[in-house]
Structure formats: C-alpha cells, structure tokens
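Here is the structure we will look at.
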Amino acid sequence: MRRPLVAGNWKMHGTRASVAELIRGLRHLALPSSVEVAVMPPCLYINQVIQGLDGKSIAVGAQNCAVEPMQGALTGEVAPSQLADAGCALVLVGHSERRLILGERDELLSRKFAAAQSCGLIPVLCIGETLEQRQAGKTLEVVAGQLGSVIEELGVGAFAQAVVAYEPVWAIGTGLTASPQEAQEVHAAIRAQLAAESADVARGVRILYGGSVKAANAAELFGMPDIDGGLIGGASLNADEFGAICRAAGN
Ligand SMILES: O=C[C@H](O)COP(=O)(O)O
C-alpha cells in the first residue's frame, strides 16, 4: 500500500513575514497521520521553515538542486549535500517552469536526480506535456520520453527511492485541472512504463498529480487508483486550504 504524499511547492513566493505567518497556519493544522506532508519553500526560507515546523510532522524539501552533489565552485547553485545538511528530505527535479523558462533538459535532470539521491534526498521528478503537445495527441509520448530518459540513464531501480509528479503544463496555475480520468490515464501509463522494467518498483513508487489542485477537486483526483497524492502550487500558500487537501488524501 502506498502512503499518499501531498507536497506544497511555494515556488518563488514569500517574505520572512509571510513565511512566518504560513508556518503559524501549518502548525495549527490537524493532519492525517496516513498522509506524508511536505512543503518546499524558496531556498532562502528553508531554514526558517525547518525551525518553525520543529515538532510538526511536515517534511521540508527544496525546489531545485545543483547537478553536482557536493559543495564546490558552482556560483549561484545549492548542492544537494547542503540541502541535506540543512534538513531537507526531498527535492523537485525538472519542474516544468525550470524546463521551459530555464531550458533544463532531460540529460541535466538525470544528473540532478542522481546527485540528490547520492546525498540521501528523495528526488521528485516532474514530467508533463504542454497544451500544444496535448492537442497534438502527444501526451503519453512526451511523458514517456521524460521518464524514459531518467530510466535509461540511471536504471529503473533509481525509482525505488523517488517520487514522480505528473503535471500537465496547461493545468499549472491556470485554474484548469485535468479531469480525474485524464490524469489517471497518464498515471497508469507512467506506472506501466516502470512496470515493464520492474513490477516491484512500479508497485511502490508514488505518482503525484499537480496542476490547479484545490480542496474542492482534491478528493476526486486522489480517489483514482494510480494517483498517490499531489504537488500543490498556489493552494499550498494558504495553510487551511493546504490542510484540507492533505485531509482529502487521507480519506
Ligand atoms: O508544483 C506545483 C505545480 O506547478 C502546480 O501549481 P498550481 O497548483 O499553482 O497549479
């Protein structure tokens, strides 16, 4: 049985004051113990969040990491070893905003994935198609390519300690959500692709859905057999809304 995971990606939002307020809200939440909950603040605030959430069972993750595992001469980057040292448990790899705005490509992302794992972080590999790709009927092909490139580089065994997040780009921050059936079709294809290499890995890996998830639509999405939780953007900036999403994953 896979334990659902709900992770809040705060993206490039927050100030020390607003982060302090969000921490206060998170501390007050009643969260189901059956669900693993995580937040991913901007790097600058990771320490503040880890200290502020002390004693609350919410993991903290980062939104990105360097391709090199250890500290060194790589200006502007943060090493996975430094994230682990700060107390992070997981890290996003290949969020579509980084793929599309910063040009991060599959080969680089495999290296980040491996670097993160070598430091004991759980990589959350983000994959998903653009609207244009969906309209061209290429959704499954695009997602299989993004996932396949990491499998090819690192082997399917790498997914025994990793999470996959399916995020259709057209659903991110737009208010448009894939229907539960649309999302399930892609999640099932992702699991089948992993199963073709290892049934055990496929059975155990958690595949999150992301893209305009809210308290109002979370239960329906999380009710699908291959959706094991969510990667939540905008709605994770409101503690009560985020708490309601976490509870929906526990039902
Ligand atoms: O990482 C989170 C996703 O990009 C979803 O963002 P959203 O919930 O604001 O659509």
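Keep in mind that glycine also has a Cβ here, set from the backbone N, Cα and C atoms.
Keep in mind the model is a prediction, meaning the values are calculated, not measured.
Feature list (source: TrEMBL):
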| type | residues | note |
| --- | --- | --- |
| ACT_SITE | H95 | active site, electrophile |
| ACT_SITE | E167 | active site, proton acceptor |
| BINDING | N9, W10, K11, G173, S212, G233, G234 | substrate binding site |
Taking all protein chains shown into account, the Cβ-based neighbour count within 10 Å for G234 (substrate binding site) is 18
For S212 (substrate binding site), the same-chain residues 6+ apart in sequence with C-beta under 8 angstroms from its C-beta are A171, I172, G173, T174, G175, L176, T177, G234
DSSP output for N9 (substrate binding site) maps to strand
Students should find that the Cα atoms of E167 (active site, proton acceptor) and G233 (substrate binding site) sit apart, in Å rounded to an integer, by 11
According to DSSP, the residue listed as 'active site, proton acceptor' sits in coil
Whole-Å Cα distance, W10 (substrate binding site) to the residue listed as 'active site, electrophile', is 12
Cβ-Cβ distance under 8 Å, sequence separation of 6 or more, same chain as K11 (substrate binding site); the residues meeting this, in order, are P42, Q63, E97, G233
Three-class DSSP assignment, G233 (substrate binding site), comes back as coil
Candidates W10, K11, G173 (binding-site residues) with CB under 6 Å from ligand 1, in sequence order, are G173
Going by C-beta under 8 A and a gap of 6 or more residues, the same-chain neighbours of N9 (substrate binding site) are M40, Q63, L92, H95, G210, L231, I232, G233, S236
Once DSSP output is merged into helix, strand and coil, G173 (substrate binding site) belongs to coil
Record-annotated substrate contacts N9, W10, K11, G173, S212, G233, G234; largest Cα to Cα distance in whole Å is 14
Min neighbour Cβ count (10 Å) across binding-site residues G173, G233 flags G173
Those same-chain residues, other than N9, W10, K11, G173, S212, G233, G234, found with Cβ within 8 Å of the centroid of the substrate-site Cβ atoms are H13, I172, I232, A235, S236, L237
